[in-house]
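Reviewing the structure listed below.
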C-alpha cells in the first residue's frame, strides 16, 4: 500500500507542476491580457518546466517497465499517443484557418508541424522521447544516484546541448521554437528531469520542508524581481552558450520547479487535506495539459475575433482556453471507449 500511495502522491505533484506550466503557456499566448514584454518574461519558464516534467514522467515509466536495453515498443507507444492527438489537432486547426483541406499541403503541414504556431514544441519533444531510453540507461548504469557522477553527467549534457545549438538544424517552425536537433538546450532540461527522478527525493521532516520552502520562495521571488528589473541581462550572457534567453529560462524553470515540488510536498504531508482542494483545479489542468496545449491557440484566436479589443472578457477567454479542451477530451475519450467496447 505504501508504494501505491507514494505513486499517487508523485502523480499529484507532477500534474500540479504540469498545470502551472500550461498556465504559463496560456499567459504567454493570450493576446487579450495585453501584457508588456517584460511582464511576459515571468511566464517564460513554461516550456522548459514542461520538458523537465516530461523527463520525470518518462523516467518513471521506464523504471516501472524495468527496461535494460533500448525499448522500441516504449518509444513507439509514446510517440503513437502524441502523434494521433497531433493529427486530430492539425485537422481541426487547418479546417479552422483554411476551411478546407488540400491533401498535398495537408501532408506538408503535418511533416513540418505548421498547422498552428504552438505545435513547434512537438518537433523536438518527439525527438526527446525517442532519445529517452538512452538517457535513462546512461543514468541507471553510470550515474546511479552518485552526486559526483551526476555533476559529470550534467556537464556532459551541457556540452551536448551547446554543440546541438550551434552545429545542428532540423527546420524552421511557425512558432519560432527550437529548430535544433533534440531541441538544443531542451535536452539539458529533459536530462535534468530524468536525473532528478532517479534520486527519489523525499522530504520527511516538516521543519526541513518549511525551511526549504521559505528559501526557495525567496529565490523564486528574487528571480522574478531580477527578471523584471534586468531584462537585458540574458541577451548578453546567453550568447556564450545557447540561443537568446536560454540560460535565464533554464535556471528560472529549475528554481520554480524546486519551489513547486517542495510547496506541494509541504501542503500534501503537513497541512490539512482541505487546503489540498486549492491544488485540484491546477492538477486537472496538468492532467489534460496536452489537450490544452494543442487547442488553446485556436480557442484564443476565435474569442479574440469575437471580442475585438474587449479586455473585459479576458477571464472568459482564459477559462475557455483551459476548460474547453478538457471537455472535448473527456467527450472524445468516452466516444472512443464506446466504439472499442
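Every residue gets a Cβ built from N, Cα and C, even glycine.
Unlike curated records, TrEMBL annotations are generated automatically.
Straight from TrEMBL, the features:
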DOMAIN    12-320  domain 'Acyltransferase 3'
TRANSMEM  12-30  transmembrane segment
TRANSMEM  42-61  transmembrane segment
TRANSMEM  82-99  transmembrane segment
TRANSMEM  119-139  transmembrane segment
TRANSMEM  146-168  transmembrane segment
TRANSMEM  180-198  transmembrane segment
TRANSMEM  210-228  transmembrane segment
TRANSMEM  248-267  transmembrane segment
TRANSMEM  288-307  transmembrane segment
TRANSMEM  313-332  transmembrane segment
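Against the transmembrane segment (248-267), stretch 180-198 shows more Cβ pairs under 8 Å than any other of 82-99, 180-198, 288-307, 313-332. Only residues 6 or more beyond the boundaries of the transmembrane segment (288-307), in the same chain, are considered here, and those with a CB under 8 A from a CB of the stretch are 18-19, 21-22, 25-26, 29-32, 50, 82, 85-86, 89, 92-93, 96-97, 116-119, 121, 313, 316-317, 320-322, 324-326, 328-329. Across the domain 'Acyltransferase 3' (12-320), the model assigns an average pLDDT of 88.
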